């Protein structure tokens, strides 16, 4: 009976009591608070969302450059509205991932519903905190689809920077209301007047519309909430319309399946409703709906204009596609436009350290790409590393963060090959055109690089880069850009101290270490942002790396002809430092076709075989040395050279131009 009683208590059941009224038992002291089913919403009181009509709903995002105080402002807004209790530990409350805490940056857009009373009316404010780095701009554009307005945060000390400009135009093109906020006015070197003039000059927003705040100290933050209610319009939708819900984000829960973040553009949704996905045409029954405060808070229903989450028993990660439209069974609607597919900027091969972990890594990749849909995945294989994938990322930081999340969230250790960019080749060979079915192919792996004889021209991707810098560094930065084959398009003085430069860059020149070089040249003051600008014709070649005459497929690179010699020499030097010495000599060579353009020799370990000869005839010494040389020649024939795994990224990191 004791065991049965414990089992019943574990699931919150009622036990029969000798008395007439059997009351539910409380959790006993020996049972942990988190025990039972791992439902985060268990035991929470449901909120009635019908008390918030469309007219009293405001959906908005916070956008800014990196480290301008978005997450700190979000913390203060959550405190003021009573969503979270006010403590000293409230730092980056919405940054839930371990990688975000460690790096101090926002990687995933996070939403939260706030309840605020203004002039006697209760308002429902749906806030989305977005990332600031250029590699995560897809998160920003997705978040804006669920909003009617944005808070544009600018640092009073740094002023307008590159990603501020990019995020402003994302909001401007989406025709959203923009509230400019100047943050960090409590800093010693803050100059809000200068920043107001920059905002007026670049964005044509009057200076009197800017709100000066200190998110850290909470100064004037209440005024931001009032401005949100006054300036941002309510969503244009109606509860009487059929259900139309946009999936703008989703995560995978091991126990409940897919948890989809939705924005309702019409109708209402409740537990028990039968819904259909416009993308997969599959039918589901809704298990739970609710809002994020910022933790999951179940509600009886969600209504038009509201933003929340939905759990409907989707067990496969492919079932909740971001950008999908959900509607009620037998009430089909025109699907929402969704999101334009993102173009990867950087490709890298990913392989399991041990091939027995292949299926586990495949499962981890599927679940992580559900949460980060901007990553593209293609099957790939390598002679040296076995079966794996070719992944497409939005930038090098995006690649590093994705790898870190795989390790931290799924305990997966992987090998990442050197990053490359997607090139194109216009084919001239009729045989190849017939084989591919088109006259232009995209090359994402150097192993696929076609021979020059069968190609009329090669094309490389270019980007339009925006650099915002203090004027004293302008000379060094122009030199850096010219070294990277960039073409200047524009130069504009934002104010008397800051300059905005626009350049057309070949993508492969900026993808690895341009940002690091720019930061070191400008003492960390310059900021950089880029956007896709198509392709241009280029004189490209494939450079192979040979170890003792054997090509290493993973280290092959596609490079511009003018840069081949310098890059080949540098790669050979880096490999010489990285590869451990052997008992035989290793020749490290960079080759273009049959032509060797650079070489480094890694000397062997050498035993002193003549140490035991104390005098005597010279022929004895020569015999011992000759026997040693023959042994080393034999070892060189049969010996294998292993490149350490960490060499793939390290050999590609170039030294900044001297």
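Quick reminder: no glycine exception, Cβ is built from N, Cα and C everywhere.
Features of the protein shown, as given by TrEMBL:
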type	residues	note
BINDING	64-71, 129-133, 183-186	GTP binding site
DOMAIN	55-236	domain 'Tr-type G'
Quiz question: given the binding-site residues 64, 185, which has the greatest number of C-beta atoms lying within 10 angstroms of its own C-beta? 64
Among all chains shown, work out which of the binding-site residues 70, 133 has the most CB atoms within 10 A of its CB. 70
Quick one: among the binding-site residues 67, 130, which has the most Cβ atoms sitting within 10 Å of its own Cβ? 130
